[in-house]
Each structure stands twice: as structure tokens, then as C-alpha cells.
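**Student:** Annotation source TrEMBL lists domain 'Amino acid transporter transmembrane' at 81-192, 256-521. Positions annotated as transmembrane segment by TrEMBL: 83-103, 109-129, 162-182, 248-267, 279-302, 322-344, 356-377, 405-426, 438-463, 469-492, 504-524.
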């Protein structure tokens, strides 16, 4: 018998559906309201998973990498394939620290530098694996929505909660300071290139360098001429305009302040979701850097001479006492421990988490090795010394180098889109802890952002050394998230389960001591 529905019944059904939708929307708002009243580790006011809507904005980040929405790469059901998961981890870890890897190898020595990259990759991978397993070792509690700071609060109480917040802020603010220094550098060189091109100015920097189409310079060769915008100009006509340009376009004295006009208003936006659309620029920048390194090496050739313990005018020993500077950089270069749980819990096949994480770490280490080794090996020695390799290896190419100009443009635009995301994450973590709201008022947000921006401007003005900033912040936040907390949590959980063995205890105590020694060494060398 045909089923017949009267028009009045259709209207009634539509009204019922609308009422159910409105009630569900109101319930979701109440759920989100009550969930924000406590931390994720406190389940008293958190609704069961089966009644929770999908999250609106969940960002993961690496301090010197990218930040993006977790659900932006899913298959429609909130899950990722292994290939997507591996790429997301690689993309999150790869960041501006890649610019300092050649300098770190120089500080450690070529052979020791390669060994340290391999060992630090293995060590941080093991600690990252412990982070992933940490919440699964907690019995009788639903930890499916927990992040690693929640696990720290469970084991160490309020100390774990506030210390994890402190070290997380160190990594975030350190990353934002590095970004400000690099953005000032890239904006300065970009503006200098454009001015010289428009006004047909042929400029020769007052620093030693090579000749030819692939010129390499040594900005730090003379302490009497620091790597600012000092230059010798060759062009006809009045040079007053050029001198005025050099006065108002200085890498450390003026350009860092110009960025405030653009970036400070962007930091005060309530939601940074618009900037998350440009995350692909991070991948493009890394791929282009690899291409640039390959082309430059092909043109410059390989310049290596193995001196195991002695140093001459052009080459360095294979083992140097300054190697902790590289380990400090690598601690942050391999740092993903604060967001790896979020990345892996969206993996479609959870049994592949260990494999996918290992493959991602292998690819990250391979990228760092390739860029670092190629830049170090192809640096033209002689006529320049390997000591000339800068903390940002792009500074070894003059501002009129076309390929370097394109790289700086890519990196500048990428950083200007990631910077507001990092500021948003810092705001959420700090203000929500103190005021229970990520945007308590315009005044609160403005004060926080002015403090962060002021720190970036001050460092770009007085200490524009990204290698130093990266290694200090990396060793500091890495002490907690990479070395201490994962090892302590494993030892405590195994002890409670009656499964702790002496070899395991000794190994994890040794890991903690390595992290502590890594931090102390940054201030001694």
C-alpha cells in the first residue's frame, strides 16, 4: 500500500527537526562552556565523547615549524592515512631551525656533527615514543582527550601543570623571538635588493667573498664591520638618496620596528584561522631551500679537508669542544613532543603509530643532514674559512643573489602568516590558565602581545643571533618535554605496576642527566 504523507504532517516534521537542532545547538554551547571551566585533565565537567560535537579549531604546532588545524587533512571521518600522518609530522617539525644546522655542524666539527644529528634524532624519537605511550599507562581513567601536559598534571599535580605551562611558553616565545629576528633579516635584505634593482645601484659589500656567478660572502670576517648594511656603491649621480636609504633601512636599528606596524594588529585578532590557510608555504619553503642548496653545491663544488684534531686557516677539526651548541639546536629541531599525541590520535590505523612516527623522524633527520652536510661541504674553503658559515646560512649569500632573494621572500611571507598563530597559541595557554578565558579583554591581550613583540624587537636590535636563541630555548624546553617528564613518567608508571627493572631505571636516569648537561653546557660554551 503506498505511503501517503499529508502536507500538514510535513510541516510538523520540519518543525520537530528544527526544534531538535536548536536543542542540540544549545546543548553543545553548554558543553563547551562547562568544559572550559576546568582543565582537560579534570573530568568532572567534561561531557562524554558520544555527545561532543567536532572541535571547531584545534591547532598543533612546532615551535620553529608550522601551525595548522588538525582536522584540515582528514578523510571526512576525522582520520588520516599513514602517509598523511607522516607528512604532517614532517611538516610540523621542519622549520626555521634548518637554517642553523650548517652553523651547528661547524661548531661541532663535520664528523661529530653528523654523528650528533643521528644520535639526537634517535634519542628524541625514543622520548617522543614515551610521550605517546604515557597516557596509555594511566589505569581506570579515560585519557582519550588528554594531551601531554594533562599527563604531567596527573603524575606531578599542580607542579606538573604549571611547569609544563612554563616550558611550553618558553618554546612558544622563543620561537616568536626567532621569527622576529629572521623576519627583520629577510625584510632588510628584500628591501635592499628591490631598492638597488629599481635605482640601478651596483653595490659591493665590505666583507670578504668569492667571485663569480655564485658569490659567497663572510659577514663576520671583520669585527670592525659587523654584518649590517655597510656597502660600497658604484653609480653615477647624487648619492644622497642612497645614504638616506641606508640610514632608514638598517637591519637592527629600524627594520625590526617597522614590523610592529604590520604584526601587532594581527596578534590582537580573536581567531587566527585565516592564516592557517597559508600553511602550505612552510612545505614550499623547505622544498625550495633543498633545491637552492642543491643548485649552489653543484656550482660551488665540494671543499673538504679532514683534520681530525688540528685547525688551519681554512678548515676545522672533525671534533670540536663547542658541540653542545649543535645539540641545543637539535633539541628544538626534533621537538614535537607537545603535540605528537594530537597528531597520532587522528591516525586511521593506530597500530601503525610507532612505524609512522619513526618514518617521519627518519625523513626529518635526512632533511637536516642533507642541508647541513651539503652547505658545510660546498662552502668555498679556500678562499674563505669554514668559520665564516653564519647562524643563518642565507646570510652567506649577498642580498643581490636571485635564488636567495626568492628564498627570503618565501620565508618572510610564511613567517608573517605563522607568527599570529603562535601568538594565538601563547595567548590561549597563558590567559586561559590565569583568567579562564583566552580573550578576557582587549587590554589583557594587548599587554601580552606588546610584551612578546617587545622581546622580539629587543633581541633583533641587540642580539640577532638565531643560533644562540634556538639553542637556549631548545635546551630549556627540551629539558622538560623531551628528557625529564617522559623518563620520570615511565619510571613512575612502571614502579606502580611492579615492572620497573634496574636497567630501565639506569637508562632513564641517564637520559635525564643528558638533558640537564645539555642545558648547562649552553651557558658554559
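Cβ coordinates are placed from backbone N, Cα and C, and glycine is handled just like the others.
For the listed features, I'd like the structural context: burial, neighbours, distances.
**Tutor:** In the domain 'Amino acid transporter transmembrane' (81-192), helix, strand and coil residues by DSSP number 98 helix, 0 strand, 14 coil.
Cβ atoms under 8 Å from those of the transmembrane segment (83-103) belong to residues 60-66, 68, 73, 117, 175, 178-179, 182, 279, 282-283, 286, 289, 329, 332-336, 339-340, 343-344, 346-347, 356-357, 359-361, 363-364, 367-368, 371-372, 375-376, 379, 389-394, 411, 415, 466-467, 470, 474 of the same chain, restricted to positions at least 6 beyond its ends.
Under 8 Å from some Cβ of the transmembrane segment (109-129) lie the Cβ atoms of residues 101, 304, 306, 308, 316-320, 323, 326-327, 330-331, 334-337, 340, 354, 357-358, 361-362, 364-365, 368-369, 372-373, 376-377, 482-483, 486-487, 511, 514, all in the same chain and six or more residues away from its ends.
A Cβ distance under 8 Å defines the sequence-distant neighbours of the transmembrane segment (162-182), meaning residues of its chain 6+ beyond its ends; these are 63-64, 95-96, 99, 148-149, 152-153, 156, 256, 259, 332, 335, 338, 392, 411, 415, 418-419, 422-423, 425-426, 429-430, 433, 452-453, 455-457, 459-460, 464-466, 469-470, 472-474, 476-477, 479-481, 485.
Tertiary neighbourhood of the transmembrane segment (322-344): same-chain residues 58, 60-64, 70, 85, 88-89, 92-93, 95, 97-98, 100-101, 104-105, 107-109, 112-113, 116-117, 120-121, 124-125, 127-128, 131-132, 135, 146-149, 168, 171, 174, 350, 353, 356-357, 361, 364-365, 368, 467, 470-475, 477-478, 481-482, 486, 518, 521-522, 524-525, selected by CB-CB distance under 8 Å and a gap of 6+ residues from either end.
Panel annotation: around the transmembrane segment (504-524), residues 123, 127, 324-325, 327-328, 331, 471-472, 475-476, 478-479, 482-484, 487-488, 490-491, 494 of the same chain, lying at least six beyond its termini, place a Cβ under 8 Å from a Cβ of the stretch.
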**Student:** Between 279-302, 356-377, 405-426, 469-492, who has the most Cβ pairs under 8 Å to the transmembrane segment (248-267)?
**Tutor:** 405-426
**Student:** By Cβ distance under 8 Å, which residues at least 6 away from the ends of the transmembrane segment (356-377) in the same chain are close to it?
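**Tutor:** Apart from its flanks, the transmembrane segment (356-377) reaches 82, 85-87, 89-90, 93-94, 98, 101-102, 104-106, 110, 113-114, 117-118, 121, 124-125, 128-129, 132, 286, 289-290, 293-294, 296-297, 302-304, 330, 333-334, 340, 344, 347, 386, 389, 393.
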**Student:** Mind checking which residues reach the transmembrane segment (405-426)? Cβ under 8 Å, same chain, six or more beyond either end.
**Tutor:** 59, 61, 63, 66-67, 96, 169, 172-173, 175-176, 179-180, 182-183, 185-187, 189-190, 193, 262-263, 266-267, 269, 271-272, 275-276, 278-279, 281-282, 284-285, 288-289, 292, 394, 399, 448-449, 452
**Student:** Who are the long-range neighbours of the transmembrane segment (469-492) in its own chain, taking Cβ under 8 Å and residues 6 or more past its ends?
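**Tutor:** Same-chain residues near the transmembrane segment (469-492) but 6 or more away: 63-64, 96-97, 100, 124, 127-128, 130-131, 133-134, 137, 148, 151-152, 155, 160, 163-164, 167-168, 170-171, 173-175, 177-178, 181, 325, 327-333, 335, 337-338, 459, 463, 500, 504-505, 508-509, 511-512, 514-516, 518-519, 521-522.
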